[in-house]
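Now, the feature entries from Swiss-Prot:
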BINDING   CYS109, CYS114, CYS138, CYS141  Zn(2+) binding site
Amino acid sequence: MTHDNKLQVEAIKRGTVIDHIPAQIGFKLLSLFKLTETDQRITIGLNLPSGEMGRKDLIKIENTFLSEDQVDQLALYAPQATVNRIDNYEVVGKSRPSLPERIDNVLVCPNSNCISHAEPVSSSFAVRKRANDIALKCKYCEKEFSHNVVLAN
């Protein structure tokens, strides 16, 4: 008996592949990073089998490349992610996110009294690594939160 090894998610000719996203996080990344605000084809694989992770999510975006800042902002959600740059169906670049000093225009402050909810300002958080956590400090209300609190918001 032979087993055919098939791609579970179709290959792309040119663009970005975000691999090794923890299961159940793929849709959150699409929404937070506004990755769907494009006319390019996006392919999503959810709960795919992974030798390393058990299950994983995967996002492929054709003709779109993430900036270094965008890649680093993934570190909060998918620290083990791999971001592959594809050209002519080949991986031409590979990077992993590293925790940035700031995250702008992505998150929402969990403090309901924060001015960022009432004024037309872009969100901005300073990122600080702690022993077993990552702290995010809002630029406007100056309150500090565990990254899990901000991500759940």
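Even glycines carry a Cβ here, placed using N, Cα and C.
Highlighted in sequence order, PRO110, ASN111, ASN113, ILE115, SER116, HIS117, LYS139, TYR140, GLU142, LYS143 have their Cβ within 8 Å of the centre of the Cβ atoms of CYS109, CYS114, CYS138, CYS141, the residues recorded for Zn(2+), and are not part of that set. Cβ contacts within 10 Å of CYS114 (Zn(2+) binding site), excluding its own Cβ and spanning all protein chains shown: 19. Minimal Cβ crowding within 10 Å, among the binding-site residues CYS109, CYS138, CYS141, is found at CYS141.
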